[in-house]
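Asker: According to Swiss-Prot, the record shows the following:
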- His5: active site (ACT_SITE)
- His41: active site, nucleophile (ACT_SITE)
- Glu25, Asp27, Asp85: Mg(2+) binding site (BINDING)
- Cys45-Cys51: disulfide bond (DISULFID)
- Cys47-Cys190: disulfide bond (DISULFID)
Amino acid sequence: WIMGHMVNAIEQVDEFLDLGANAIEFDVDFDDDGVAKYTHHRIPCDCGRLCTKYAVFTEYLDYVRQVTTPGDPKFRKELVLHALDLKLQRISSEKAYAAGVDVATKLLDHYWMRGWNGGRAYILLNIPLVEDYEFIRAFKDTLRKEGHEQYNAKVGINFTGNEDLDEIREVLEKLGEDEHIWQADGITSCFPRGTERLKKALEKRDTPGYKYIPKVYAWTLVRSSIMRRSLRLGVDGVMSNYPDSVVKVLKEKEFSDKFRLATYADNPWEKFTPI
């Protein structure tokens, strides 16, 4: 999975897909009451990126629904995953539940269309800190109360704050979640980052019987050398400001017979087992 990073303006969606991304990450900005208002990162953001691009959240969902609905004139078959970078750290953790209700409701109304020809892409809920776990509970509660639990099959969870992996597992256990999980490891492209925690996540992923990390991605990679380093370690995904650079690296002899781009037929919640 090549995840285009910080794809917050509507016009950027096709731009990043044209560069080779098959997944997009966008920031969800909330007001003080936990209402999702905009796809907006705010300042500061990654080096070399414009931090001010944004869209109204519901309008953005309307657009990516069209891009991921077969038969729609805007349909792009390559876009198979949306990663929602939920900016919950900007609001009180007491509002995390309200935020979960709001995001689930807006996805039902503007993306899934409550079953009426909605978008087909998978949804990854990127939560910054384990203290905001009530967002997940609220999201699932809302799907159940609205009679649309079928969409749980399309939804995954990812804690992105580089917290202790065992602490993350404990929170997932508390929530009763042991599937549809990704584990991210990374830092803004402005700073270097070692591989110690990334290696630990991959080790857990590859431990037989361990259910809490079936997929791992590294972020935000901009240098080809760091992309190669992550691929050699065996990550499932790379988040980058430059999807075209990831595509070039994947075409190199070292990687071309080991990796391919994920398609809609690939389940993003299953641990990959080489044939």
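The backbone N, Cα and C atoms fix where each Cβ goes, and this holds for glycine too.
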Asker: Give me the Cα-Cα distance between Cys190 (disulfide bond) and Cys45 (disulfide bond), rounded to a whole Å.
Answerer: 9
Asker: From the centroid of the CB atoms of Glu25, Asp27, Asp85, the recorded Mg(2+) site, which same-chain residues not already listed sit within 8 A by their CB, in sequence order?
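Answerer: Here the nearby residues are His5, Met6, Val7, Asn8, Phe26, Val28, Thr39, His41, Ala83, Leu84, Leu86, Lys87, Asn126.
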Asker: Could you tell me the C-alpha distance between Asp85 (Mg(2+) binding site) and Cys47 (disulfide bond) in angstrom, no decimals?
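Answerer: Asp85 (Mg(2+) binding site) to Cys47 (disulfide bond), Cα-Cα distance: 18 Å.
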Asker: How big is the Cα-to-Cα gap, in Å, between His5 (active site) and the residue listed as 'active site, nucleophile'?
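Answerer: Rounded to the nearest whole number, the Cα-Cα distance is 11 Å.
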Asker: Are there residues of the same chain, six or more positions away from Cys45 (disulfide bond), whose CB falls under 8 angstroms from its CB, and which are they?
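Answerer: Sequence-distant Cβ neighbours: Met6, Cys51, Thr188.
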Asker: Say we define neighbours as other CB atoms within 10 Å of the CB. Which of the active-site residues His5, His41 has the fewest?
Answerer: His41
Asker: I need the CA-to-CA distance for His41 (active site, nucleophile) versus Asp27 (Mg(2+) binding site), whole Å please.
Answerer: 6
Asker: Count the other Cβ atoms sitting within 10 Å of the Cβ of Glu25 (Mg(2+) binding site), across every protein chain shown.
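Answerer: There are 26 such Cβ atoms around Glu25 (Mg(2+) binding site).
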